[in-house]
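The compositional bias 'Basic and acidic residues' feature in Swiss-Prot is assigned to 13-23, 41-85, 92-109, 120-151. Annotated compositional bias 'Low complexity' per Swiss-Prot: 200-224, in sequence order. Annotated region 'Disordered' per Swiss-Prot: 1-169, 193-224, in sequence order. Swiss-Prot lists 37-47 with the feature repeat '2'. Positions annotated as repeat '4' by Swiss-Prot: 59-69. Here Swiss-Prot flags 88-98 as repeat '7'. If you look up Swiss-Prot, you'll see 99-109 marked as repeat '8'. Marked as repeat '10' by Swiss-Prot: 132-142. The repeat '11' annotation in Swiss-Prot covers 143-153.
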Amino acid sequence: MASNQNQASYHAGETKARNEEKTGQVMGATKDKAGQTTEATKQKAGETTEATKQKAAETTEAAKQKASETAEATKQKAAEAKDKTAQTAQAAKEKTYETAQSAKERAAQGKDQTASTLGEKTEAAKQKAAETTEAARQKAAEATEAAKQKASETAQYTKESAVTGKDKTGSVLQQAGETVVNAVVGAKDAVANTLGMGGDNTITTKDNTTGATTKDTTTTTRNH
């Protein structure tokens, strides 16, 4: 009985020992595995950290390079824009100068043309005025000469008409006077003859042509 118990204890002890050994092995293996895992994890973490650090450095370097390139491009574009602005300003300045110069030249040409045209018009006006004045003077001279000629002709005609009229008037008056005298003498003679009277009768007449007074003496014989 005791022998069985001892054997059982022995077996239990072996089993326990084997279990403990196995457990120890397992634990050791687990510990080794855990250590390996931890080391691998540490190594992986280190590698990851290094990779991350390297990646960050690369990213930072790329960002710096990109920023530098961007800054350089911006600087270059700014310089190009500045040059373009300067060129545009210079072109505008030259264009403004050319426009002003052209306007100045056109104004000078217009002034010269205006002065020339004004001079020509003034000269033409002077010539026209001189021609008009000369024509008016000549016309006035012709009119004056014609008036003088007409006045001379009129005066001559009036003078001749006056002389002719005077001659005609004198002749008519003389004839009328003679007729009247003859009529008076005839009437006187008739009366004297009728009354048987006779005598001398003197009749005074005026010559209207010469203004002289004449006497007409008629002798009448009285019949006894």
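For all residues, glycine too, the Cβ spot is worked out from N, Cα and C.
With DSSP states grouped into helix (H, G, I), strand (E, B) and coil, the repeat '4' (59-69) comes out at 11 helix, 0 strand, 0 coil. DSSP states for the repeat '10' (132-142), grouped as helix (H, G, I), strand (E, B) and coil, give 11 helix, 0 strand, 0 coil.
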